[in-house]
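S.K.: The feature signal peptide is assigned by TrEMBL to 1-22. The domain 'DUF753' feature in TrEMBL is assigned to 27-97, 105-182.
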Amino acid sequence: MKVKAMLSALLLLVLATGYSDANKITSCHSCSGINCQRTGLSLVQKCVDSLDYCVTIYDNSKVLYKGCSLEIPAKLRHRCDSPHDDSCFKCNSDNCNNVGSTRFACVQCDSSKDANCAENATSLKPTVCTAPTAPNSYCYVKASGSGSNIQRGCSTTVTDQQSCLQDANCLLCSSGDIHACNSLNITFDSNTGNRFIRFLR
Ligand SMILES: *[C@@H]1O[C@H](CO)[C@@H](O)[C@H](O)[C@H]1NC(C)=O
Ligand SMILES: *[C@@H]1O[C@H](CO)[C@@H](O)[C@H](O)[C@H]1NC(C)=O
């Protein structure tokens, strides 16, 4: 009896060890509340449970939480219960969750690498941005080199957004309002003042 108990304990130990060897503990990008808006702070956490996955929770485009799913603050947990709630992004590889909301995807291209970027950007598929640190996530389209170069992408930090605002040849728009909003044609204009285009629904 005693030997049998010891044997099964040993078997359990072997099984448990085999189990944890086979499953890598997931690590996720991590932040909570106002810390998600700090650009200098880039933390990663190891999930306690080796079968956990990573999440990012948004309020529109603003990030409220990044981390392991089992450690979501109680008041945000309901957002991840429904598979159709796009305010909770889920993924299951290491540090996969530094991602913005799918609603705020932008066309991302450079006309020096992709000819369609300049005047055929409506043919390019918008892709999801990295998680913003700014309260809003915008798309931009920018002309430089007297209009010879066009760049399109995500503007996810306050610094990037301010510098686009101050550049007469850079436009910001919200893809939460219009799908692929930064696919419009822009012409280089050295005479225009500061512009800020935020399309309305
Ligand atoms: C952009 O400009 C090109 C060339 O003039 C034109 O063919 C295309 O229809 C324009 N696209 C949009 C979205 O206005
Ligand atoms: C725009 O892109 C589409 C898809 O790649 C392509 O079929 C079309 O010929 C392009 N149009 C121009 C004017 O380059």
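Every residue gets a Cβ built from N, Cα and C, even glycine.
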S.K.: Of the residues in the domain 'DUF753' (27-97), how many are helix, strand and coil by DSSP?
M.R.: 15 helix, 27 strand, 29 coil
S.K.: Per DSSP, what is the helix/strand/coil residue tally across the domain 'DUF753' (105-182)?
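M.R.: Across the domain 'DUF753' (105-182), DSSP assigns the residues as follows: 17 helix, 23 strand, 38 coil.
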